[in-house]
Amino acid sequence: MGQDQAENGHLKLLIIILIIAALLRLIFLDKVPNGFFPDEASYAYDAYSILHTLRDQYGKFLPFMFKSANDYREGLYIYLLIPFIKILGLNVFGIRVASAFIGTLTVLIVYHLSKECFNKRVGLFSALLLAISPWHIQFSRIGFRAILFPCLFCLSLLVFVKSIKQLKYLPLSSFLFAISIFTYQSARVFVPLFLIGLVIIFYQHLWQNKRYTLISIIVFLCFFVPQLIYYLSPEGMTRANDVMIAPDFLTFSNYYFAHFSPDFMFFKGDPNPRHLPQNRGEIYYFDMVTLTIGLIYLIKEKRKESAIFMLWLLLYPIPAALTSEIHSLRAMIGAPLMAIISGYGITKLIDLFPQKQKIINGIILFVISISLVFFCHRYFIDYPRWRTDAWLSTMGEVITYANNTSAECIIIDSNVYGKHIYILVPFYTKLDPSDYQKLNVDVAINKLDMGRWKVIDLSKDASLNETCLYIVSTQEFSRLRDRGYHAKSVHHFKDINGEELYQLVKVKKIASTEPSM
């Protein structure tokens, strides 16, 4: 009876943690982050196009990889968006809720992974810490494909750990590891390296079970080799060539260790305003203590399960270090890892005081609660007001307003936020994918003519069409007169702080006055 009560209590705690995780990922989802980024719109419109035409925005039939913004993205996340768009429609909430669902599911998977490797207490604390992780919450609230990587990787690892006791799971884990590579570019580097380390750690176990190991290798290769062939093709290397910096060893080392620095982990985090609020660490201050304790015990115990997490820790920054100094998105596979190690550290901290466990539990939960309250204020109250331009705040309102005018043509200045802003037009206007595909829009060659809508660089366009409406930044509006045009504001758009970001304007050439002879 006592065991049944303990099980019920344990289940109730897990349900509460999952509710917390879901709430932190769902509330104000269409408003925080404040705006909608072109990358999100590109995933969404490709999924919308597949839903209605079975072709992507470029007209390619059920592609394996999506050209998108000419960076050839893995298609798994885009296909997963389709049912959400079917049910909720093509809108900001409908897209981001898919990431929120995947993020919440990852919390549940991390619970089972930690429970399998350690015990139920570690599972609960690890799940709680991932549920409230600033690092993981941010990317669970954005329509980026990267959120799928930690979810599928943790599931793959969970199934592998189960296969140690039940060999029938080994081929399934191989399949899942292969599929996890098809989630995000960082996985192409991390997963193969991790699997090499995993084979070394469990070499004896795998060798003793050659039949299952051979079957698993065949399963993995069947799904990995087609990906590898594509990744090594010119299209597959497009994004890698854009972001890889081929650093020398010293530069790589600096970038690698930067992802372990206190500034990145606890104090300042990723400086990219789309990745986290300003001067906010990826995890909490209290993790300094619990992570340290967790690491000490992982090293001290010398278990194979502990070696898994040490391997994960050593490898997690590598994909990001190959591209830039600090990049929390490309290093996001570290988010569940930090929650697991910290959760393990909490249980070891509690065990240090066997006579005062209730008191220590209370103190720990109080510290976690206070930390979460401060984060929520920073994230839901302060963050929407900070760097609204980074998320193109109010751009949806701008496009919708302009689309409802009678103007025969509408031009967006690419200097507002680069040429990739074009994809916001079919997203917000819900342009029929069949009609859009006929336009042959191609960002790779700057072919951004969408009939009534166009995206051009006004600073390089010698003459402006006086019959068109122009969407420009407030700064560009003030420069139009210097270029010889009267600019009349049809409507201006302010962000949440009351600051003007964009103007919808009509232009008229200033008549030149030639001196009489």
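Glycine is treated like the rest: Cβ placed from N, Cα and C.
Summarising the annotation, TrEMBL assigns domain 'Glycosyltransferase RgtA/B/C/D-like' to 79-230.
Annotated transmembrane segment per TrEMBL: 12-29 (among others), in sequence order.
The transmembrane segment annotation in TrEMBL covers 77-110 (among others).
Taken from TrEMBL, the feature transmembrane segment applies to 143-160 (among others).
Residues annotated as transmembrane segment in TrEMBL: 190-207 (among others).
The transmembrane segment feature in TrEMBL is assigned to 214-232 (among others).
Residues or ranges marked as transmembrane segment by TrEMBL: 283-299 (among others). Using a Cβ-Cβ cut-off under 8 Å and counting only residues 6 or more beyond its ends in the same chain, the transmembrane segment (283-299) has close neighbours at 129, 133-135, 262, 265-266, 306, 309-310, 313, 338, 341-346, 348-349, 367-368, 371, 375.
The feature transmembrane segment is assigned by TrEMBL to 306-322 (among others).
As annotated by TrEMBL, transmembrane segment applies to 359-380 (among others).
Beyond the ends of the transmembrane segment (12-29), by six or more residues, the same chain brings 92-93, 96-97, 99-100, 103-104, 107-108, 111, 124, 127-128, 130-132, 137, 140-141, 376, 380 to within a C-beta distance below 8 angstroms of the stretch.
Against the transmembrane segment (190-207), the recorded stretches 77-110, 306-322, 359-380 differ in Cβ pairs under 8 Å, and the greatest number is found for 306-322.
Note on the transmembrane segment (77-110): residues 14, 17-18, 21-22, 25-26, 29-30, 36, 40, 43-48, 50-51, 66, 123, 126-127, 130-131, 136-137, 139-145, 147-148, 150-151, 154-155, 158, 183, 336, 339-340, 396, 427, 430 of its chain, located 6 or more positions outside it, place their CB under 8 angstroms from a CB of the stretch.
Through the fold, the transmembrane segment (214-232) approaches residues 64-65, 170-171, 173-175, 177-179, 181-182, 188, 240 of its own chain, all at least 6 residues removed from its boundaries and within a Cβ separation under 8 Å.
Taking Cβ pairs closer than 8 Å, the transmembrane segment (143-160) reaches residues 39-40, 43-44, 73-74, 76-78, 80-81, 95-96, 98-99, 102-103, 105-106, 109-110, 112-113, 116, 136, 169-170, 172-173, 176-177, 179-180, 183-184, 186-187, 190-191, 198, 308, 329-330, 332-333, 335-336 in its own chain, all 6 or more past its ends.
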